[in-house]
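If you check TrEMBL, you get these features:
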DOMAIN    2-219  domain 'Glutamine amidotransferase type-2'
ACT_SITE  Cys2  active site, nucleophile
DOMAIN    287-427  domain 'SIS'
DOMAIN    459-601  domain 'SIS'
ACT_SITE  Lys606  active site, for Fru-6P isomerization activity
Amino acid sequence: MCGIVGAIAAHDVTPVLIDGLRRLEYRGYDSTGLAVVQTKGALALRRAVGKVARLQEKLHAEPCAGFLGIAHSRWATHGGVTEANAHPHVSEGRIALIHNGIIENYVELKAELCDKGYRFASETDTEVIAHLIHDFVKQGLDLTAAVQTAVRRLSGAYAIVVFDAQIPDRIVVARIASPLVVGLGSDGHYVASDVQALLPVTRRFKFLEEGDVADIRIDRVTIFDAAGRIVDRPEHESSLSADAVERGEYAHYMLKEIYEQPRAIADTLSERIAGDHVLEAAFGPRAGDILPQVQQVHIVACGTSYHAGLVARYYLEQGARIPCSVEVASEYRYRNPVVMPGTLFLAISQSGETADTLAALREAKKLGYVATAAICNVPESSLVREADLVLMTRAGPEIGVASTKAFTTQLAALGLLGLAIAQRRGIDRRLIALYVRQLRRVPEMVEHTLRLDGQIRAWAEHFASKRHALFLGRGPTYPIAMEGALKLKEISYIHAEAYAAGELKHGPLALVDDDMPVVAVAPNNPLLEKLKSNLQEVRARGGRLFVFADPNTGIESSEGVEVIAMPDHIEPLQAPLVYTLPLQLLAYHVAVHRGTDVDQPRNLAKSVTVE
Ligand code: G6P
């Protein structure tokens with residue numbers, strides 16, 4: 001979603017703002033802008049449609065500098081992608097503001113402000129906040145009080161950063177339901193949507209809580225809670241390295257992140273397994289009390305994380321013999337679900353800031369669950385701070401919008417959760433020990449799968465000219481087919497659908513012809529013979545098959561059937577992780593062939609902080 005950076009320092013902050021935007025660009029990137037105060041009352045505004053590079057070109061042609069400034073990368077919600085709709089929005093040359101989120105009551109506020117004579121220059125919901133704050137400043141409030149008063153009138157989600165060019169002694173920020181972090185520097189102070197944006201200037205951070213307003217000066221930061229009381233928020237030192245977000249020798253972040261998976265999965269498993277069992281303490285200090293009470297699990301997530309949840313259902317039901325339901329967060333949060341005693345709520349999210357997932361967690365807290373749990377990749381995120389039990393994936397920063405290493409590390413974490421619950425449910429210890437051994441071997445198998453890259457690249461050409469593709473799987477690899485289809489559509493813009501192979505004859509078979517490539521994942525499991533029959537149904541209709549198959553399945557390349565042999569002896573627990581990689585690589589190479597923007601596909605954003 002939108003990216004936010006703000007700074008007040010003893011030097012020109014423009015380079016910090018631009019670098020911060022670049023580091024946040026993955027959040028949203030249809031337009032960008034910045035505003036700085038050059039001297040008291042002199043506000044410089046630069047905005048551009050497109051990526052940060054376009055803004056840099058503008059700055060090159062028309063330089064500006066200032067000790068105080070704000071910058072924004074926009075992912076459009078209200079109003080098209082135009083320069084006028086790009087942030088910052090400025091009220092009468094004085095109050096400049098950037099915003100991430102959605103103001104739901106902006107129509108009524110806009111009418112009120114129009115009546116008062118404010119002229120609107122954009123179609124955004126954001127501009128009302130700038131005028132509203134300005135209106136309170138005109139009534140005699142200082143900027144901090146004006147922001148505190150104005151936010152009480154807003155409904156919706158927001159992280160805002162604002163300054164007054166006439167009195168440039170501070171930037172003021174406020175947040176509800178959108179992330180915002182304050183960076184404590186030695187020569188000034190900073191704010192941003194996430195810590196990555198500020199790593200080159202500081203490692204010391206304070207995370208603002210729901211409803212907080214902060215008054216940020218060059219030499220001090222004062223935080224107020226929602227009730228207006230001064231509060232102290234704990235300081236955190238980030239251990240992320242500033243170059244963790246560099247692309248290195250790889251052509252794209254996505255490729256780099258695909259190749260990082262063996263390491264990331266190994267990191268996620270490490271220190272969480274002792275001998276032949278999973279350490280419950282990995283889920284947090286309350287795990288020992290909570291896990292014995294768990295009788296069933298409700299999983300809620302969005303996008304790729306939802307697919308991880310679908311795999312987890314197999315782990316929990318087949319492995320731990322515990323009922324599990326999985327649902328997309330945007331549906332769950334409004335469904336008023338029935339919660340049976342002993343149910344654990346589990347949210348899965350790479351970012352920990354996805355608006356629907358967070359709202360679902362907050363809703364769940366009112367519904368009588370045994371506890372809430374989160375599997376997440378960002379330690380400082382809202383989700384992690386609010387859940388009772390937490391298991392961190394250790395994928396490291398994921399920049400490519402299409403999620404890869406976050407997904408497989410989620411699967412590894414869900415494997416650990418399944419085993420932790422199985423241990424408490426008295427499942428045979430020898431079986432648990434066997435599963436633990438299988439999980440430990442996943443990084444090495446995933447590494448092996450990366451060697452198929454050349455063969456997969458050769459397939460990509462066939463897909464590049466197609467408009468549709470079908471993905472088939474059965475059992476725990478059905479969600480992997482779903483994830484493969486999602487990857488392909490996200491980054492290559494080819495329409496791709498996944499079906500449980502058994503459903504083929506109930507509709508999608510009507511679409512199959514020689515122009516519709518059909519991708520299948522075929523591990524060697526008890527469903528293999530049934531899958532093979534489904535593949536025959538495709539062949540009989542002239543469909544062209546591309547199969548990732550276990551070498552012992554007997555599925556071989558022939559007329560209209562292309563087969564890539566996967567590593568041998570992959571167990572059902574391992575298959576979802578191992579079979580994901582070739583599908584990621586296929587989507588990647590098809591997208592490269594088609595010349596799309598692999599890391600920042602059109603219309604999509606990495607972190608979706610609006611509903
Ligand atoms: C966006 C991203 C996806 C991601 C989904 C959920 O749609 O583009 O890659 O899977 O959000 O995000 P989360 O951070 O909650 O896993």
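From the backbone N, Cα and C atoms, a Cβ is placed for every residue, glycine too.
Between the CA atoms of Lys606 (active site, for Fru-6P isomerization activity) and the residue listed as 'active site, nucleophile' there is a gap of 10 Å.
Mean pLDDT across the domain 'SIS' (287-427) comes to 95 in this model. Across the active-site residues listed here (Cys2, Lys606), the residue whose Cβ sits among the most other Cβ atoms within 10 Å is Cys2.
Counted with DSSP, the domain 'SIS' (459-601) comes out as 67 helix, 28 strand, 48 coil.
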